[in-house]
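Taken from TrEMBL as is:
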{"type": "BINDING", "residues": "207-214, 232-236, 254-257, 320-323, 343-345", "note": "GTP binding site"}
{"type": "BINDING", "residues": "214, 234", "note": "Mg(2+) binding site"}
{"type": "COILED", "residues": "160-194", "note": "coiled coil"}
{"type": "DOMAIN", "residues": "201-365", "note": "domain 'Hflx-type G'"}
């Protein structure tokens, strides 16, 4: 456990920067502190070192290690956390030099995912990501580092088993988990096919972690998906049906939040979950307009979408949390087809958002004008359920209908 009866675990953050983007480094360390808080620990101090590249053996230089020892004693820190993923050698050497637990950003994110995985699929995905991370850290100094972890951050979750000590068994376990995920992916694919057959347009809600995606889903659909002011509060995709008004019906899918330096093994493990956006018809990109690092966060989202080979979809960018933005400034997203400003919490701008969604829908749908014979009542029912009826007129030879439908509708 991270929390003990007496106190939270205390960590000193360390980062190496080339000095070209100090604002980015500060922002990343601030985010790391939030990640620690989400995991139930706390940041007590931050140490940065300016150098062209991290030391291959110890990440930071020898002089900085001596300085770090003093800070560890001064703050009575339980451990040190690196803002970058450490190699097995770096982690082992740092632990030997500092005589405290050393973890990195990847381990922390995996720990948070382990806390928040509630479904069977989510738990399997987390376990696989943890095992992939640990499998490269089982020999030499890395093995020493892993054995010294004890309790606390980086040791929680379904992946923490005796498998740590056996590479072969870890490979077998990962293979078993992959097979289980494949079966679950088949079920997810069947669900997608069912949606496609019903011709209901799907909007995938994506965004940087804690941008307000779940709050927006609840505000638009009246559902009660967990809302929490914490990073990665939502891991499992949630789909809800939404009535846009005027006969428009859509599906909204909330997805796991993105973050800078998202571990690649997490992208691999959560691939089927993240792919919900790949099979959507439209993307709603939620941005925290009150976050000073919003431009960087937006870049991370689009970079991650690119890594998932998600492109060419209409994008509606939603600048959220307008009620929290202290200094209103012009906000722009060059990737978006449409952008709106809202506050999902207060409801401000939600009607503008709905109008923007309808506009996207109409641009991506086809208009039909036809007479449906009275003998084909089922087709008329499908049009009413999955299309948007503009005009309906009963005639001797059937029902004349003007409607917008999904391009795949037949």
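In case you wondered, yes, glycine gets a Cβ from its N, Cα and C as well.
Fair warning: this is a prediction, and the values are worked out from it, not measured in the lab.
Summarising the environment of residue 214 (Mg(2+) binding site), the number of other Cβ atoms within 10 Å of its Cβ, over all protein chains shown, is 23.
The Cβ of residue 210 (GTP binding site) has 24 neighbouring Cβ atoms from other residues within 10 Å, across all protein chains displayed. Here the Cβ of residue 343 (GTP binding site) has 22 other Cβ atoms within 10 Å, regardless of which shown protein chain they belong to. Put simply, residue 256 (GTP binding site) is 10 Å from residue 214 (Mg(2+) binding site) when counted between their Cα atoms. With the fewest other Cβ atoms inside 10 Å of its Cβ, the least crowded of the binding-site residues 213, 321 in this structure is 321. Just so you know, the Cβ of residue 256 (GTP binding site) picks up 25 other Cβ atoms within 10 Å once every protein chain is counted. Long-range Cβ neighbours of residue 207 (GTP binding site) (same chain, at least 6 residues apart, Cβ-Cβ under 8 Å): 213, 257, 258, 285, 286, 287, 288, 301.
According to its DSSP assignment, residue 214 (Mg(2+) binding site) is helical. Under the three-state DSSP scheme, residue 256 (GTP binding site) falls in the coil class.
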